[in-house]
Amino acid sequence: MKTAILIGFMGAGKTTVGRLLAEMLAVPLTDTDKMIIRKTGQTPGEIFATEGEPAFRALEHDVLQEVINNEGIIATGGGIIETPGNIQLLSEANVPVFYLSGSFGQTMERLADDDTRPILRSKTLMEVAALWRNRLPKYDAAASHVIATDNKTAVEVATEILELLGE
């Protein structure tokens, strides 16, 4: 069974591309944020608000450890690389890790009407830009493949990943 892990900044298309890949390959999709919701009954935003980012990152790490060897497609949260142990888990995974990389401008366009992202609600645009820049080398460190997403549809991105998977 084909397996791949998707990483990237919020709004990169991990969940959308993950759904497409899972459908195209007829494999399961595991979404780490949805796993956290199932485990806690709270959204990532609610956990950020009530328990803080460190508590959320600890949960996220536990979930990644639990699913890293799952078969199928794994779509991660945008901040999965904020925990050094997660970068190590991802970089040592025995499956391809695809970093969906887009420019800051296109990423912000995708997120323009999204009020479900806790970090977007609590930071200025300048702070989000700094966060994005800070995360870039972490995504690179964790990824085995970088997929440029600017000016591409989710289907085009999924097709590019399928080609790299040999499908």
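Here the Cβ of each residue, glycine as well, is placed from N, Cα and C on the backbone.
TrEMBL labels come from automatic prediction, so no person has curated them.
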Next on the checklist: Looking at substrate binding as recorded in TrEMBL, which candidate out of Asp31, Asp33 goes with Arg57, Gly78, Arg135?
Outcome noted: Asp33
Item to check | Neighbourhood of Thr15 (ATP binding site) by C-beta distance under 8 A, where only residues 6 or more apart in the same chain count | outcome: Asp31, Asp33, Ala75
Next on the checklist: Restricting to the binding-site residues Gly11, Lys14, Thr16, which ones have a CA within 10 Å of the CA of Gly78 (substrate binding site)?
Outcome noted: Gly11, Lys14
Checklist entry - For Arg57 (substrate binding site), what residues in its own chain, 6 or more apart in sequence, show a Cβ-Cβ distance under 8 Å? => result Gly79, Glu82, Thr83
Item to check | Tertiary neighbours of Lys14 (ATP binding site) (same chain, Cβ under 8 Å, six or more apart) | outcome: Leu6, Ile7, Gly8, Ala75, Thr76, Gly78, Leu100
Item to check | Three-state secondary structure, Lys14 (ATP binding site) (per DSSP) | outcome: helix
